[in-house]
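Grabbed the feature section from Swiss-Prot, which reads as follows:
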| type | residues | note |
| --- | --- | --- |
| REGION | 1-40 | region 'Disordered' |
| COMPBIAS | 15-25 | compositional bias 'Low complexity' |
| DOMAIN | 108-165 | domain 'FHA' |
| COILED | 206-240 | coiled coil |
| REGION | 230-250 | region 'Disordered' |
| COILED | 409-440 | coiled coil |
| COILED | 471-502 | coiled coil |
| REGION | 535-560 | region 'Disordered' |
| COMPBIAS | 538-560 | compositional bias 'Polar residues' |
| REGION | 591-619 | region 'Disordered' |
| COILED | 613-661 | coiled coil |
| REGION | 671-710 | region 'Disordered' |
Amino acid sequence: MSESDGAFKSPSLPPSHHAPAPMSPEKIRAPAEQMDGPVEGVIDEIETAEVQAEKESKISVQAPALHYEVPPWACEPDPAHKFQFEILKEGKLIASYDLSNRKNSTFVVIGRIKPGCDLLMEHPSISRYHCILQYGNDKMSKTGKGWHIFELGSTHGSRMNKKRLPPKQYIRTRVGFIFQFGESTRILNFVGPEEDSEPEWDCSPTEMKLRKHKKELEAKLRAAAAQEMIDDEKREKEEEGCGWGMDYGEDEKPLTTVETDAHLMEDREAYYNQDPKKALQKFFEREGFDMNFEFSEQGQGHTHKWVCSIELPVEIDGVDRAFTASATVSTSKKDAQIQCALDACRILDTYNVLRKSNTKLRMQRKTLEANDYYDEDDDLYLDRTGQLEKQREKRKQWAEEGFGHKRTETDTYESLCRKLEESKKEIIECQKHLDELSAGTKKSRTIDQGGDVLDDYIRQLEKSGGAGDDAKTKMEKSKWRQKLMAATHESQKLEKLVKIAKPAVVKGLEQLETTAANDRQAFLKKLMGVRARKEIDQTPSQGPGPSTSATLPATVAPTSTKAVEVEHEKKMTPLKVEKEIAASLDSSEIKNSLPAVDEPSSVKDEVSEETPQKEAFGSKVQKRVAQWEEELEAEKEELAKKQKLEAEEEAKKKVQRVRRRDIEKKIAGSEDYGAGVEDRDEKYSTWMPPNADQSEAKQDALRAKFAGRY
C-alpha cells in the first residue's frame, strides 16, 4: 500500500457471497419504537404473512385418522334447538362454542389437533382426539333424543359433573352439566333448551343417601337370609344320615326362591308402600298372631332416636323361622313404627309369604276347620292367660270370612251393658295384678334397720329407684299395663256405644204415671174414710141395746173416728177397699129392699131420726165422688198441657242456636263502652269528660265534685 493513496480501500469479497439486502426503514424502525413491549409482540410484528406461509410450507403436519364409527342410533339434531358450550375460566365467561358449527352431521369432535377437531382445546394434557359428543336416540329412557359423550380413552381422561367418565362408553348428557377435559382448569357448561334438562329430585341429598344406605342394608339382609337358608339345608342333610330307602318316592319340597331383583321388588312394593301397617296387620291376622311392636329409646337431646322392632313368625318350607325387623328414626315414635312395618313387609315379601295364593289360603282354611281352628302346637292345659282362645277366635273369624259366610253380630243395649261390665271387671283384675307386682317389689326392697350404714344407704338408693325392677318384673308389668290400656280403651268405647244405644225416655211420662197412681191412692183413701164413717154411724143401730155413742162426750167422738180410720187404712189394701165399697153399696140397696123387723119403740124412733140424715149423707158422698173425678180429669189435662208446652220450649231452645258471631257483631256495633260484659259497672268506668256544649254551670259543678281527685 502506498502512502500516496488518500482513501482506505475495503478488501474484496468472493463472488459467491452476496451482500445483505437493505431493510426497509419501517422494519428497522419497528424494534426501536416497541422496545418497551413484550418480546412476543415484537416477534409477531416482525414476522410477516410471507414468512408464516413459508413456515407452513416447510413444516408439513398431517392429521392422524379418527378411529370412530357412528352408532346406528345416531341422528341429526333439530336445527330449532340450539346447543352450545360456555367456556369458563376462573369464574369468568371467556368464550362460547355453538354445536351447530360442526364438521360432521351427527357428532362433535373435541381435542387438541386443529385440522380434525371441532372444539379446539390447547392444553397440553388434552389428547389430539380427546372425546366425541354424539347426538342420537336416548338409549336409557327410549323416550327422546339427546347428546351422548363418548370418551376415546385419553391419557388424562374427562370429568362430567366432577365425576370421571369411563372410556369407550356412551353417557347421556343433559343441559346444565359441566365438563372438564384433561388437567385443564377451564370448565365447559352445556347450554340448551329446558326440555333437555334433568328433572329435579323429589328429596334432599341427605334423604338420597339414606335411601342408598337402606338399599345396601336390604341387599345385605337378603344375602344373609339366603346364606342362612343354605346353611340350614346343609345342616339338615348332615343330620339326616342314612335313609335306608324309607323315603323312596317322596316328592322333594321345592326350595323357596328369594327375590333379589330390584325392579321386581319395586313393582311388588306398591301393594304395601302406601300403608305398610295395614298390610302387616292382615298378615298377622291370617297367621293368628298379635302384632306387637317393641319400642326403645337411644341417646338424649339432639341425638335422641326411637328404635322400633317386631318379631315375624315366618314358615318357610314347613320350618318355622323367626325374623326380626327393626327401624331407627330420629323424628317420632309413629314414624319409627311405620318404618319398622315397611321393613317387615319387605322381608315377608322377599320370601313370598306376605301375599299367599288363594289355593294355599283355601287349604289352610280347611286345615284350620278340621282342627277346630287350633294350631297343631297349641296346648290348652299349659295356657293360663287365655291367649290361645283369642287366637282361635281370630282364626275362626278369618276362616269364616274367607269361606264367604261372614258372621255379623248385632249388639243391643243389654249386650253392650254386659260387655261394659266385663271390661270393667277386666280393668279391675289388671289393676289388681299391677298392684300385686308393685307390692312385691316394695316388699323385696324393704331396708333392714340393723347392719352397716353403707349397706343401708345403698338399699335406700335402690328403694328410691336407683336400681329398678328386674327384667322379668318389668316384662310382667309391661304386659299387664298393655292389657289395662286395651281394656280401658274398650271400656270407653263401650260407654259411648251404651249412651248411643240407650232407649229414649219421654219426659213427663214417669211423672204422669206417678201422679196418676198418687191420685188413685188419694181417691181410695177418701173412699175408705167415707166407709169408716158409715160403719161408725151404723154401729148403734146393729144391737138392741142403748146407743153408746150418745153417752160419750163430744170431745171423745172425733178422736175415736180418726183412730178407726187409721186402723182401717193400715189393715186394708186398695183392692180390698174397692171390694168393700162395692159390697157396701150392694148391701145398702139390699137392706132397703128387705122387710122391716119388729124393734122396740125407742130404737125405732132413733132409727127414724137417723134415716133422713143417712140418705142426705149418701147423696153428698156421691156428689163429692163425682166432683173428685172431675177434678182429677182437669188436673190430668192441665198436666198434659204443661208437659206439651215444656217439650215445645225445649225444642225451640235446641233449634234456636245463638250464634256467637252475631253477638260479637252486636257488641262491636254498639257505642257503649264495655257492652256485652256481665259485670260492666265493676270493671269499666263509664264516666266521660264534659263536652264543649255543656254550660259553664255544669262544668263548675263537675269541678267542685271532683276537686282534689284529678
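Heads up, the Cβ atoms here are built off N, Cα and C, so glycines get one too.
Mind running through what each feature is packed against?
Across the range of the domain 'FHA' (108-165), the DSSP-based residue counts are 0 helix, 27 strand, 31 coil.
Below 8 angstroms of C-beta separation, residues 473, 476-477, 480-481, 483-484, 487-488, 490-491, 494-495, 497-498, 501-503 of the same chain, each at least six residues beyond the ends of the coiled coil (409-440), sit close to that stretch.
Through the fold, the coiled coil (471-502) approaches residues 411-413, 416-417, 419-420, 423-424, 426-427, 430-431, 433-434, 437-438, 440-441 of its own chain, all at least 6 residues removed from its boundaries and within a Cβ separation under 8 Å.
Note on the coiled coil (613-661): mean pLDDT across this stretch is 72.
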